[in-house]
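K.L.:
So that we are looking at the same thing, I have put the structure below in structure tokens.
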Amino acid sequence: MLPKSVTQGLVLALLVGTVAVARPRNLLSLLALGQGALDRLELDGLLNTLVARVHCTDGPCEKCLSVENVLALGKPDKPQPAPESVLESRHIIYLSAAAALYLNNPEKTCKDIQAGLLASHVDDYLATLESPEAMTLGLSQLLQKIEAHAASQPTGEKTCVDLPQLLEEAEAAGVSKSAGLVLTALLDHVINGSCFQGLPSPQYFVDFVFRLHSSDPPNITLHELENLMHHLGVGGEDHSDHDDHGDHADHSHPDRKASHQDSELHTPHNSNSSVWDTLCLSAKDIMAVYGLSEEAGVSPQAWAQLTPALVQQQLSGACSPYPTIRIQDQLSQTERYLYGSLATLLICLCAVFGLLLLTCAKCSTATHYIMQTFLSLAVGALTGDALLHLIPKVLGLHTHGGEGHTHEEEVGVGGQATWRLLAVLGGFYIFFLFESFFNLLLPRDQDSEKDGPCSHGGHSHGISLQLAPSNLRQSKQTHESSRSDLVAEETPELLNPETRRLRAELRLLPYLITLGDAVHNFADGLAVGAAFSSSWKTGLATSLAVFCHELPHELGDFAALLHAGLSVKRALLLNLASALTAFAGLYVALAVGVGEEGEAWILAVATGLFLYVALCDMLPAMMNVRDQRPWLLFLLHNVGLLGGWTVLLLLSLYEDNITF
């Protein structure tokens with residue numbers, strides 16, 4: 001029989017031991033099995049350990065991520081979980097993502113928790129890591145942040161955990177590799193106190209070169225070295241063996257081999273270290289890989305060490321000037337549909353804007369000048385978006401480096417391209433001024449004087465955009481009056497024999513306008529969908545350009561339908577029906593889920609569409625109009641053009657500084 005004091009001591013020790021072993025189990029295994037759960041005690045122990053692993057700038061970080069916050073992530077329909085609630089295994093991914101956000105930026109995550117934004121930011125973070133390229137870049141940056149925020153680094157561990165190891169563990173779990181699984185494996189190592197390495201090891205760069213260009217390890221043959229040098233654009237042709245013309249099989253064909261090797265650069269490899277192949281490293285990153293001090297610089301001996309890294313970056317094409325979108329600029333699938341639908345809805349409301357023509361029937365002259373201002377604004381917005389925003393993006397001149405990468409060079413290249421393309425608009429504007437001044441200063445034809453306050457010089461292109469103010473007036477006939485009477489009263493010139501032959505065309509005009517507008521709006525929807533799939537900034541710029549050209553276009557279509565003899569109700573319905581096809585184009589672009597390459601092609605086609613509509617449809621409608629106040633019209637045209645270009649120029653130059 002043990003003494004009472006000894007018995008109490010054993011019981012106390014047993015309780016302490018129970019608390020000590022109440023640490024979380026292997027989360028990745030729990031997630032892979034799909035069974036089991038974490039109770040509140042395990043969660044609390046996990047969060048305490050997580051906080052202990054992080055060091056903030058002003059000392060230890062506060063424990064702002066509570067058990068209730070985590071349980072709310074797992075059960076969004078129950079924001080106030082019961083005390084006996086547990087975190088099911090299928091919700092461990094959300095816990096891992098929340099922990100990753102905390103490890104990346106503890107102070108910001110605590111503010112998000114206080115504002116109630118943690119759940120939405122967790123969903124957004126998982127969405128940004130969907131593609132393999134984004135996952136590699138995002139997790140590499142996360143590992144570097146964990147290194148910076150680590151409270152202490154284990155000294156007894158020879159190698160630290162890197163991204164390839166995390167991917168291996170997620171793949172070995174027996175489930176498909178995804179960002180959530182990799183984050184769960186990462187959280188396991190954080191809890192176990194492992195150190196992390198966010199950049200590849202120096203040996204990786206040598207392995208990469210030999211993996212691509214050595215068919216007989218461990219050495220690179222002369223033939224393979226020739227192909228490697230050809231791919232790097234260095235070296236000359238060796239003429240020493242050209243005397244032997246009989247053995248042509250020994251001659252190298254660098255073009256053919258280089259093309260073959262180039263195709264291999266973009267294919268997956270068996271080596272687990274290939275996860276780094278698409279990572280573009282800055283000079284600071286490369287110096288960090290080799291442990292070089294920024295103050296001391298690179299010595300001749302160190303230069304020989306880091307040369308393989310420079311060769312690897314050239315061979316992999318990781319830093320090639322293709323458009324890449326910063327992770328924080330990308331939208332989740334839900335946000336793409338939401339913002340795209342809102343933008344398309346605003347564009348479709350342009351069709352209803354035609355009702356303003358009825359309210360301004362007695363002030364048709366003012367309506368005419370408003371239409372001309374919107375026409376010039378549309379030309380400025382379309383050409384500005386095409387030249388200053390879409391073309392640099394399609395050609396890869398407007399790139400955004402990831403966090404931690406040097407941005408000065410990219411800003412220089414993108415900014416220089418923007419100013420040069422602005423010079424293209426400058427040449428366009430100079431010749432616009434020349435033609436406008438010629439039209440203003442040269443004597444006008446007598447026929448144009450007889451045409452009234454504003455006519456259009458006989459130019460037939462874009463009939464819906466070249467209507468005189470008289471065509472915008474409401475009919476003073478009753479609803480019982482025939483449409484032919486309406487047309488005859490508003491346009492008595494139709495009574496002559498020549499225009500009678502045009503009556504059949506006028507009857508077909510509503511259907512032609514509706515069909516053409518429907519196809520046009522479908523293409524606009526495709527452009528908006530591809531733009532929002534790329535980034536919210538590209539979506540904003542494209543939506544602005546589409547809105548600016550749809551507003552005068554829809555107003556002109558509405559007036560043309562009234563001019564053809566349709567009732568107000570029917571004209572409005574046809575205009576709305578054609579406008580709604582933009583939603584079809586939007587959802588097709590979003591549902592297909594095109595990648596960066598597909599987005600570039602769609603935006604390239606949209607660029608051509610914008611330039612065609614601006615230069616072949618709307619610009620002639622501006623230039624061929626005749627008015628009794630030509631200088632006022634000239635002023636309004638300049639205001640619209642310069643206003644559209646200014647907005648798109650500012651958006652192109654300063655879009656990186658726009659944050660929400």
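Yeah, the Cβs are placed from backbone N, Cα and C, and that goes for glycine too.
As the structure is a computational prediction, the values presented were derived from the model and not from experiment.
Positions annotated as signal peptide by Swiss-Prot, on the basis of sequence analysis: 1-22. Taken from Swiss-Prot, the feature disulfide bond covers CYS56-CYS61, CYS64-CYS110, CYS160-CYS195, CYS280-CYS319, and the record attributes it to similarity to another entry. The N-linked glycosylation site annotation in Swiss-Prot covers ASN192, ASN219, ASN272, ASN657. If you look up Swiss-Prot, you'll see 233-273 marked as region 'Disordered'. Swiss-Prot lists 236-267 with the feature compositional bias 'Basic and acidic residues'. Sequence annotations record features per position, and here Swiss-Prot assigns transmembrane segment to 338-358, 377-397, 421-441, 512-531, 540-566, 572-592, 600-620, 631-651. Look at Swiss-Prot and you will find 359-376, 442-511, 567-571, 621-630 tagged as topological domain 'Cytoplasmic'. Annotated Zn(2+) 1 binding site per Swiss-Prot: HIS520, ASP524, HIS549, HIS553, in sequence order. The site 'Essential role in Zn(2+) sensing' annotation in Swiss-Prot covers ASP524.
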K.L.:
When only pairs 6 or more apart in sequence are counted, do the transmembrane segment (421-441) and the transmembrane segment (600-620) reach 3 or more Cβ pairs under 8 Å?
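P.N.:
Contact criterion not met.
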K.L.:
What counts of helix, strand and coil residues does DSSP assign across the topological domain 'Cytoplasmic' (621-630)?
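P.N.:
Split into helix, strand and coil, the topological domain 'Cytoplasmic' (621-630) gives 4 helix, 2 strand, 4 coil.
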K.L.:
Considering only the recorded stretches 377-397, 512-531, 631-651, state which has the highest number of Cβ pairs under 8 Å to the transmembrane segment (600-620).
P.N.:
377-397
K.L.:
Ten-angstrom check, please: count other Cβ atoms within 10 Å of the Cβ of ASP524 (Zn(2+) 1 binding site), all chains counted.
P.N.:
30
K.L.:
Mind checking which of CYS160, ASN192, CYS195, CYS280 has the fewest other CB atoms within 10 A of its CB? They're the recorded positions.
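P.N.:
It is ASN192 that, of the recorded positions CYS160, ASN192, CYS195, CYS280, has the fewest other Cβ atoms within 10 Å.
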K.L.:
Using a 10 angstroms cut-off on Cβ to Cβ distances, just flag whichever of CYS56, CYS61, CYS64, CYS110, CYS319 is the loneliest among these disulfide-bonded residues.
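P.N.:
Fewest other Cβ atoms within 10 Å, among the disulfide-bonded residues CYS56, CYS61, CYS64, CYS110, CYS319, is found for CYS56.
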K.L.:
Cβ under 8 Å, sequence separation of at least 6 from the ends of the transmembrane segment (631-651): give me the contacting residues as numbers and ranges.
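P.N.:
Residues 369, 372-385, 388-389, 418, 422, 425, 429, 432, 436, 440, 537, 540-541, 544-545, 548, 622, 625.
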K.L.:
Among all protein chains shown, how many Cβ atoms are found within 10 Å of the Cβ of HIS520 (Zn(2+) 1 binding site), not counting that one?
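P.N.:
Its Cβ has 22 other Cβ atoms within 10 Å.
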K.L.:
For CYS56 (disulfide bond), what is the secondary structure state per DSSP, taken as helix, strand or coil?
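P.N.:
Looking at the DSSP assignment, CYS56 (disulfide bond) belongs to a strand.
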K.L.:
Roughly how many angstrom lie between the C-alpha atoms of CYS110 (disulfide bond) and ASN192 (N-linked glycosylation site)?
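P.N.:
About 23 Å separate the Cα atoms of these two residues.
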K.L.:
Let me know the model's mean pLDDT on the topological domain 'Cytoplasmic' (442-511).
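P.N.:
Computed over the topological domain 'Cytoplasmic' (442-511), the mean pLDDT is 46 on the 0 to 100 scale.
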K.L.:
Please report how many Å separate the Cα atom of CYS280 (disulfide bond) from that of CYS160 (disulfide bond), as a whole number.
P.N.:
21
K.L.:
From the recorded positions CYS56, CYS61, CYS64, ASN192, pick the residue whose C-alpha lies nearest to the C-alpha of ASP524 (Zn(2+) 1 binding site).
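P.N.:
Nearest in space to ASP524 (Zn(2+) 1 binding site), counting only the recorded positions, is CYS64.
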K.L.:
Could you state the CA-to-CA distance between CYS319 (disulfide bond) and CYS61 (disulfide bond) to the nearest Å?
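P.N.:
That separation, Cα to Cα, works out to 36 Å.
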K.L.:
Return only the integer: C-alpha distance in Å from HIS520 (Zn(2+) 1 binding site) to CYS61 (disulfide bond).
P.N.:
55
